Ligand code: HEM
Ligand code: SF4
């Protein structure tokens, strides 16, 4: 995975701008359409998943998607974590952006579920965010990132 | 017992640092109370009526002496000299200061303990049979599987913001001593016809305002697919569990609304997909964990004789010990239900004593029971008398296991901000009433459980006799329930009729026991008689 790139200093960011990104390709700036609109329309390259949407509806179309935004209207609604993993499990390699109520203490879990771009409603303190991304020295279970779970480290030789 | 390696320790240490950092950001105003609340909850910190409450995890209820000593030290240093053992085999402290919380977590981490995921809408501490690894009737010790699931569920990135809290229980015997079917996921380790071990999955049980017994959704999950199957169960829940209404958000409602068949179909479909995702731990991990739970070095050739010449001791032996798989040994239960005491409370001195006794008599191991008592799992019968004398001297020798005085009671209105009524004084009055009548033994096994509100933390649905505190026009009122059970014959208790005031409920319990004594046939427990004669004679006695 690419290094963390902070797009801009927090002061210069507007609500909803991408603040952190773990990709070195060009930022996709096409407007994201709803899942319904996307499935029924052939030319969009960016789509936004709401918590109630079924991410699997996008699976037949992955090759034409450059950006998936997953919206977290409230950070307590964890459906977006499953949506992200489902896309990565299906081989989606484009940008996966967490948008909405994205806060410091959810960043590391989001990243583990496959998010590689973060566009919080309220820009985050950069040092706190970096500390959060680096919080866990190890991980117990496998997820959508490439970290090796503890139980594999233990039995590796 | 399980021991942390460098990885486990590093994770717990990182969590302490994370929490200290969260507290700092809260105090500096970078986190609002609304944003901070779920974070502190995921570290076991609740704000209650009078103070913060801290819930510490005791994985599968197992503790060594050093850990019990550490719990005592926390009670002394940061609380008022006592702690409360809970129905989920954990311990809670009721008088904690927020600014001490980071230090307490650091003290816990030094003895391989923590408060991780003891609250919040995540996978909670995993519970297990309290006689695991000791009971004569056990197929296998469930704790290696519970430990594997502890690791899997700790900081799970996908399942930290579930619709609601999620409780898992693992047992390894046919006799269910852990209310397994009243959990979000209950797992029984079983053997198939080929003699292989596997996991039987029950999903969608729970208490609360809509009690449900979990249906079995898979008879046999091979052990090398256990984690993948659990992950599939959770993903379906995370995606489709209701989030519009907090009271309908538990997995039991999803399973109920979809129907067991449809829920199972979705899980199986997700499971098939996940089998290719490399989620399952290497089987070697289970093999690494198992030896930690191997039998201690039991002596052989021991006698099974117990000198019963002291009648008080003989009584305690009859009520408070449980058959052990090794000849010459028993499991001994330390009752935290002295007459007039607060069910489940222990003082720091009592905890230190229990730690000493665990070291001296039980291979340095003790267990927290969901009935809020403590077990010394492996005691030599030859040592029982000496053990009992020491317990007696410390007020820990009450002989009432599973009897009417062994009441489960939630904190209720004395501590809890959600309560409608007090639970603790009712428990105390009932225990006193039957103590005065000297009837505890005549009544035999009689499980009485009290909750101070519909949330059912005191398991009232699963009581042979249950008591539910309600609010009646601003006054505390108590409903009586009969016929619940949490064992292999799990059933939900039914309400008898209109409620009672505080003294009235004590009388009502007494009347119910009189009906039992009149109606009972040879060998019947209260529950058996109730199931045979039904509600009518009880109603007649209570309201007739
Ligand atoms: C004093 C603070 C406490 C609060 C605010 C609290 C809150 C709750 C709530 C809201 C529920 C219902 C959840 C639902 O149905 O979705 C619940 C259930 C439960 N709580 Fe508590 N509780 C407290 C203390 C305890 C204690 C001390 C214990 C153990 C002795 C406990 C064990 C349980 C159990 C076993 C259930 C029901 C089983 C289930 O359906 O999960 N709680 N609690
Ligand atoms: S049952 Fe109700 S009163 Fe009792 S602890 Fe739970 S929430 Fe509080």
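Indices start at 1 and increase along the chain as displayed.
Even glycines carry a Cβ here, placed using N, Cα and C.
Note that the structure is a prediction, hence the values are computed from the model and not measured.
Averaged across the domain 'Nitrite/Sulfite reductase ferredoxin-like' (B:52-110), pLDDT for the predicted model comes to 93. If you look up TrEMBL, you'll see B:52-110 (among others) marked as domain 'Nitrite/Sulfite reductase ferredoxin-like'.
Under the heading domain 'Nitrite/sulphite reductase 4Fe-4S', TrEMBL lists B:119-273 (among others).
Feature annotation from TrEMBL assigns domain 'Nitrite/Sulfite reductase ferredoxin-like' to B:342-394 (among others).
What TrEMBL lists as domain 'Nitrite/sulphite reductase 4Fe-4S' is B:403-542 (among others).
DSSP assignment over the domain 'Nitrite/Sulfite reductase ferredoxin-like' (B:342-394) gives 27 helix, 13 strand, 13 coil. Simply put, out of B:52-110, B:119-273, B:342-394, B:119-273 has the most Cβ pairs sitting under 8 Å from the domain 'Nitrite/sulphite reductase 4Fe-4S' (B:403-542). In the domain 'Nitrite/Sulfite reductase ferredoxin-like' (B:52-110), helix, strand and coil residues by DSSP number 30 helix, 18 strand, 11 coil.
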